[in-house]
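Right, one structure below, let's go through it.
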Ligand code: ADP
């Protein structure tokens, strides 16, 4: 059996390991510590950092393919591994577009993909020039290293501009400025591509962020025009092919108030916007990532329910005294249809601890607002319960109503 190595021991590696098991494999994980999500459950764990070449070499030794659960491995290390015969998927020439937002913006613009107006910012004057043309508020972003909204700032006026740009540049953070998009909502188009060039797309989904963190995903995106969905899927496939992406690619999109789509950013790995596929599609993103990086034929991406909603379990500011085990127990009793995925992490405010998937039953459609609402409410209620040990509808587990 092949050995797939994943750099990074977080929940994405943990769930990829689950999929590897079903294929008769066992994921090898490069984790920074034995208590990381994936290191808790995989047998084949190499302990070390993702930016340590020797640790990467050790993890890659004897592997069939090396892939990632995050995008932070230095490209020069990957080039070294390739020169030593390691099969790296996605290759560093593609991955750079998920590592550096300025390189990504420039490349997408060059291939004619729709992106918000942007500019590189190397000085306060650069940012002032951008503000003169595009006005306030605008968005300032760290070109590298951001995640979950860290490294993204809304700039409202000249004083803020000067402070943010001066401090960031002094700290060595490279920057870009971007128009603040007047958006209706955020979407994600998830595709997979194999080295041979086979592509597959899941339905386009809507992602709901709270405090810069993904909270809810609705699949397919409610009431999205079929033509816009097809356009987003074709765009994602074209980006995957043009950039030479292999494995999963999530194309995060803005749907503007006037109905256009713009690319926000790219992730070349399983992604939070694809967690619904574990229970709502014939092939999950985790299985597909393994198949795609190994150059197997890809799996069927058809949805298995009219609508599936994923709600993240994000650590509460004040975690309840009831144990997580007891919370899960109660959820099982009240909502047998809810599928719980926990990542084995300790509770900390805002931390992604797991997610719940709920599939819509019977006949329904993502164009039916009431049907979507019912599935979403159930998923959000389940996640809220697991986070706070409180039922939002006041349900009492002891009386049963
Ligand atoms: P991260 O790498 O931290 O995920 P993103 O570039 O995806 O950063 O931005 C995080 C969030 O900030 C987005 O999901 C969106 O809600 C908001 N955002 C980012 N860029 C813009 C923009 N140009 N206009 C409006 N909102 C934006």
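Counting starts with 1 at the first residue shown.
Using N, Cα and C of the backbone, Cβ positions are placed for all residues, glycine too.
These figures come from a predicted structure and were not determined experimentally.
Other Cβ atoms within 10 Å of the Cβ of residue 178 (ATP binding site), summed over all protein chains shown, number 21. What TrEMBL lists as ATP binding site is 101, 141, 178, 179, 180, 181, 186, 264, 265.
Under the heading domain 'ATP-grasp', TrEMBL lists 105-294.
Residues or ranges marked as region 'Disordered' by TrEMBL: 345-365. According to DSSP, the secondary structure content of the region 'Disordered' (345-365) in residues is 0 helix, 8 strand, 13 coil.
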Average pLDDT across the domain 'ATP-grasp' (105-294), rounded to a whole number: 96
For residue 180 (ATP binding site), the three-state class that DSSP assigns: coil
Secondary structure at residue 186 (ATP binding site), reduced by DSSP to three states: strand
